[in-house]
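Engineer: OK, TrEMBL features for this one:
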DOMAIN    B:39-156  domain 'Acyl-CoA dehydrogenase/oxidase N-terminal'
DOMAIN    B:162-269  domain 'Acyl-CoA oxidase/dehydrogenase middle'
DOMAIN    B:285-450  domain 'Acyl-CoA dehydrogenase/oxidase C-terminal'
DOMAIN    B:469-596  domain 'Acetyl-CoA dehydrogenase-like C-terminal'
2 protein chains.
Amino acid sequence: MSESLLSSRNLAFELYEVLDAEALTQRERFAEHSRETFDAAIDTARSIAENLFAPHNRKNDEHEPEYVDGAAVLIPEVKPAVDAFLEAGFLNATREFDAGGMQLPNLLSQACFAHFQSANAATTSYPFLTMGAANLIEAFGSEEHKQRFLQPMIEGRFFGTMALTEPHAGSSLSDIRTRAEPAGDGTYRLKGNKIFISGGDHPLSENIVHMVLAKLPDAPPGVKGISLFIVPKFLVGDDGSLGQRNDVVLAGLFHKMGWRGTTSTALNFGDNGECVGYLVGKPHAGLSYMFQMMNEARIGVGMGAVMLGYAGYLYSLDYARQRPQGRQPDGKDPSSPQVAIVEHADVRRMLLTQKAYVEGAFDLGLYAARLFDDTQTLATEDERRIALELLDLLTPIVKSWPSEFCLKANELAIQILGGHGYTRDYPVEQYYRDNRLNPIHEGTHGIQSLDLLGRKVSMNGGAALKQLVKLIQGTCQQAGEYESLNALRQPLEQLLARLSSVTLALLGDLMSGKVNQALANSALYLKVFGHMVIGWRWLEQAIKAEQGLAAGNPADADFYKGKLQAARYFLTWEVPSCHHDLAILEARDDTCLGMQDAWF
Amino acid sequence: MSESLLSSRNLAFELYEVLDAEALTQRERFAEHSRETFDAAIDTARSIAENLFAPHNRKNDEHEPEYVDGAAVLIPEVKPAVDAFLEAGFLNATREFDAGGMQLPNLLSQACFAHFQSANAATTSYPFLTMGAANLIEAFGSEEHKQRFLQPMIEGRFFGTMALTEPHAGSSLSDIRTRAEPAGDGTYRLKGNKIFISGGDHPLSENIVHMVLAKLPDAPPGVKGISLFIVPKFLVGDDGSLGQRNDVVLAGLFHKMGWRGTTSTALNFGDNGECVGYLVGKPHAGLSYMFQMMNEARIGVGMGAVMLGYAGYLYSLDYARQRPQGRQPDGKDPSSPQVAIVEHADVRRMLLTQKAYVEGAFDLGLYAARLFDDTQTLATEDERRIALELLDLLTPIVKSWPSEFCLKANELAIQILGGHGYTRDYPVEQYYRDNRLNPIHEGTHGIQSLDLLGRKVSMNGGAALKQLVKLIQGTCQQAGEYESLNALRQPLEQLLARLSSVTLALLGDLMSGKVNQALANSALYLKVFGHMVIGWRWLEQAIKAEQGLAAGNPADADFYKGKLQAARYFLTWEVPSCHHDLAILEARDDTCLGMQDAWF
């Protein structure tokens with residue numbers, strides 16, 4: 001097996017042919033970087049992922065964390081892997097040199113992270129959660145918070161979590177009940193229960209910093225009454241020394257279908273009334289802070305889904321090339337040798353579908369990461385705002401599309417391996433189980449669809465949507481210069497035109513108060529929008545493939561032809577399938593909305 | 001929770017309103033039966049399934065069979081459950097009274113079995129495998145075989161297996177290597193290795209009778225050189241007494257993603273050259289015998305997939321009714337109480353989709369069982385032949401459609417439960433894992449698609465297909481009598497017309513030798529054909545619902561309205577989605593066929 005985590009040829013194609021990573025080095029922030037430093041970071045990531053993350057992926061699954069004496073115990077392989085990740089500097093990959101970081105573009109950090117996500121989703125979660133919590137404190141915490149909590153996180157001594165969900169209010173954050181009372185000394189005392197807190201306990205770090213959503217006594221009802229608190233597992237003295245255990249208790253562990261290596265915890269805050277918390281930023285502004293970090297978190301989930309899909313694709317491809325079985329339909333002579341199953345048309349279909357899903361979503365994830373860099377490093381505020389709007393619009397797709405379609409890729413990988421794929425002797429069934437989490441956490445599929453149609457497409461007068469339409473039209477126009485791409489361009493143009501008019505109609509309904517009706521079929525809207533975006537990214541890839549074929553060396557021809565065939569698959573097999581969904585949306589079909597509880 | 005295995009109202013609808021089970025009692029074979037005896041059998045099945053099968057379904061999963069001293073050890077709850085199944089007579093539900101059976105129609109036995117399949121797929125496998133093996137011996141074995149092996153199976157003392165698959169030849173049976181040498185005394189000595197043999201070892205019965213495919217020394221190559229043998233775990237004396245262990249060794253157990261309670265074994269036959277086997281029927285005719293039992297086996301797999309889907313649907317429906325969370329899009333006042341999630345349009349979509357998939361496939365499975373009865377009990381040979389042809393045609397759909405779409409239903413059930421659905425504290429994740437086996441075993445999805453397009457639609461000059469078309473047209477015509485069903489009838493008629501012409505075109509290609517091209521996209525053909533069949537079954541259900549609404553008591557109105565809404569969902573949301581697949585088939589699209597190994 002040549003490469004098991006991702007295709008480095010494809011990664012290079014994305015970075016240097018599609019997304020022009022080298023252009024980033026002309027921006028001041030990345031001026032000390034070059035293709036060489038980028039590639040060095042990627043090599044380091046691949047090496048650590050292959051040598052320390054991948055080898056215990058199955059063991060993580062077979063020996064999930066155990067609850068022993070009030071603490072979560074992990075298998076011993078996790079810590080050395082995470083330590084190597086920290087020592088190589090990946091926790092601070094994008095942080096400035098001065099702050100101990102590598103000052104890499106987000107595009108490059110995502111490219112590095114992809115290797116870990118492919119190798120071992122569960123172990124990767126611990127540093128990822130820490131990055132998310134650290135970023136929150138960096139963006140909204142006080143200087144004291146940064147000194148006391150952020151700095152040890154940057155140093156890898158403290159890890160972090162996000163503590164949002166409560167037992168009675170999963171997606172409905174406005175209904176959380178955790179309370180925070182002022183203690184009179186500037187700190188707060190929290191009381192409440194949280195569930196599904198990933199990384200809520202483990203022995204990987206000196207301390208764990210929980211970022212907790214809770215309500216102050218004077219909180220207005222709903223989401224505008226939610227505040228954000230830092231709640232450490234161990235109290236931290238003014239000199240940074242670790243004090244006594246805070247009143248945070250590990251109430252239990254959840255046992256999941258997959259992603260088993262990551263502790264999923266129930267945490268009780270303040271059972272004894274002594275849970276110390278620190279308010280981050282202003283009162284009642286907690287959810288808005290969370291939302292400002294949401295793009296990063298959701299891109300992370302999306303890329304996680306992509307990489308599980310990618311790992312399954314590569315494994316099943318390798319298997320299909322090695323495994324002889326049966327003969328072609330027109331060559332049934334039983335005395336002829338069996339052919340490798342990659343020769344069967346239906347196996348090719350399953351491989352090509354996986355390739356189209358995985359590499360399409362991989363491109364989109366990296367495109368979003370590149371856009372994230374734009375939001376921070378484009379020259380003018382106006383340009384940065386425009387980039388952010390586009391990123392805001394695309395985020396529900398970046399999160400949800402891979403969660404759905406790269407899971408489907410994992411299903412196909414199992415099918416290619418047949419009975420073997422269904423056994424735990426092969427890795428593909430674990431990828432499938434691990435990936436099933438992604439449509440649920442960090443905003444379910446349904447939440448993403450409401451976010452897209454109910455908020456994102458109309459924000460700022462539809463500015464981001466207009467910008468996206470312009471970008472897609474530009475790609476279509478460019479594709480028109482290639483005779484070979486006409487048949488691929490047309491389905492995308494047709495979808496774009498029809499989706500644009502459906503969008504206008506639905507927004508009209510929303511504005512005229514028919515809210516429930518307009519949002520009733522938002523799941524279909526999300527699917528079609530996602531297919532349009534992935535179709536666009538495939539057309540971009542196809543253009544670059546044509547350019548590569550024209551300019552490249554003959555050794556690369558197969559690679560580019562594969563890109564063109566996958567683009568053809570996605571744009572002619574998948575994209576046109578959306579017209580039926582659009583017809584349902586156009587008709588304001590109320591089949592689901594009109595279904596009554598009593599009729600089930 | 002009212003009912004967890006299946007809706008008994010829906011079962012009664014199927015049996016007595018849609019499929020007219022009572023009419024069967026007018027046939028001689030079933031003359032001693034009545035609706036009362038049918039319902040009594042169903043009540044017994046439900047009671048045993050609820051009380052003895054369902055309670056250890058999770059434990060089966062958590063404590064999979066262990067390999068101890070060369071044998072498979074199961075949890076203790078399996079045997080009492082299986083024993084109750086045997087004692088109630090279900091193993092011989094369809095066998096004649098004289099042979100110790102209940103002489104039930106196949107339709108009724110499937111209706112009974114459905115409860116066990118829903119309650120505990122793994123434990124149910126043991127008696128099911130035994131029924132399959134017993135039926136083979138009954139149909140093709142000698143009198144001596146019946147005396148020595150079948151009779152103890154009927155009595156529940158011996159269990160059975162089907163031993164087909166070998167390590168190097170999964171779906172490609174023509175390549176099996178297991179050999180059988182005549183021993184000179186009328187018996188044979190077998191040598192070879194088999195894998196994925198379900199129920200290949202267990203402590204549930206005195207003996208296990210393996211039905212083994214192997215090749216005789218003079219076998220012609222390929223599938224026409226395969227013979228069928230009885231190979232018992234313990235030799236059986238002329239007086240029926242158990243003798244010494246035969247030379248069959250449990251080489252190991254497979255550890256699966258789901259369906260864990262059923263031992264999946266690797267068996268070595270004849271490691272010591274002393275594996276005694278008995279030839280069933282004629283030499284080299286083994287595969288044709290197997291294929292004659294295939295309809296039953298594949299209907300069984302299909303119904304198994306349905307019932308896992310059904311169990312998940314009912315669980316997620318109950319959860320959605322109990323679980324308050326969030327508010328309607330147009331009612332965001334956070335001080336208002338949360339609504340049950342069944343009130344959310346997208347949750348209704350996920351429930352309605354499950355209902356449409358599960359109840360559509362349930363109807364088809366029972367329809368096929370009814371057809372099976374017709375193949376045995378219609379008055380004339382001609383009528384029986386016609387029924388058998390139709391059943392042959394429908395079998396790939398009965399097997400594959402639920403395997404794909406009821407698995408999808410399980411995916412939706414998890415989504416409705418959100419984070420909880422992903423934990424092993426709730427049953428839906430197990431249903432999803434269990435159901436993932438069904439597209440693989442008993443002929444993969446790809447095999448089913450080749451069987452349908454490459455064999456079934458053209459057999460006997462397309463007689464069965466013509467008959468199916470006539471039946472569908474008849475249903476459409478009848479639906480035309482109901483104003484309300486016009487909008488449901490039309491999509492089905494359109495699909496039927498277009499699929500018919502695509503079929504003719506593809507058969508033309510096959511006949512003109514373009515075999516690989518014609519079969520390249522058989523997976524799409526299978527999907528479209530399946531949707532047409534399920535759409536037809538939903539239109540049938542809709543007609544019966546209209547009749548029920550007109551004639552029924554008001555208490556039933558909700559039930560019938562639910563049927564009409566699910567029919568509307570399937571016929572207007574799902575059926576028209578097939579036109580894009582048909583366009584690909586019409587174009588003889590070669591995107592997948594033309595993909596090259598080197599391009600991946």
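Glycine is no exception: its Cβ is also placed from the backbone N, Cα and C atoms.
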Engineer: Let me know the model's mean pLDDT on the domain 'Acyl-CoA dehydrogenase/oxidase C-terminal' (B:285-450).
Structural biologist: 95
Engineer: What stretch in B:39-156, B:162-269, B:469-596 has the biggest tally of Cβ pairs under 8 Å against the domain 'Acyl-CoA dehydrogenase/oxidase C-terminal' (B:285-450)?
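Structural biologist: Stretch with the highest Cβ contact count: B:39-156.
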Engineer: With helix taken as DSSP H, G or I, strand as E or B and everything else coil, how many residues of the domain 'Acetyl-CoA dehydrogenase-like C-terminal' (B:469-596) land in each class?
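Structural biologist: When I sort the residues of the domain 'Acetyl-CoA dehydrogenase-like C-terminal' (B:469-596) into the three classes, I find 108 helix, 0 strand, 20 coil.
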Engineer: When secondary structure is assigned with DSSP, how many helix, strand and coil residues does the domain 'Acyl-CoA oxidase/dehydrogenase middle' (B:162-269) contain?
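Structural biologist: Once the DSSP states are binned, the domain 'Acyl-CoA oxidase/dehydrogenase middle' (B:162-269) shows 7 helix, 55 strand, 46 coil.
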Engineer: Could you give me three numbers for the domain 'Acyl-CoA dehydrogenase/oxidase N-terminal' (B:39-156), the DSSP helix, strand and coil residue counts?
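Structural biologist: So the counts come to 86 helix, 6 strand, 26 coil.
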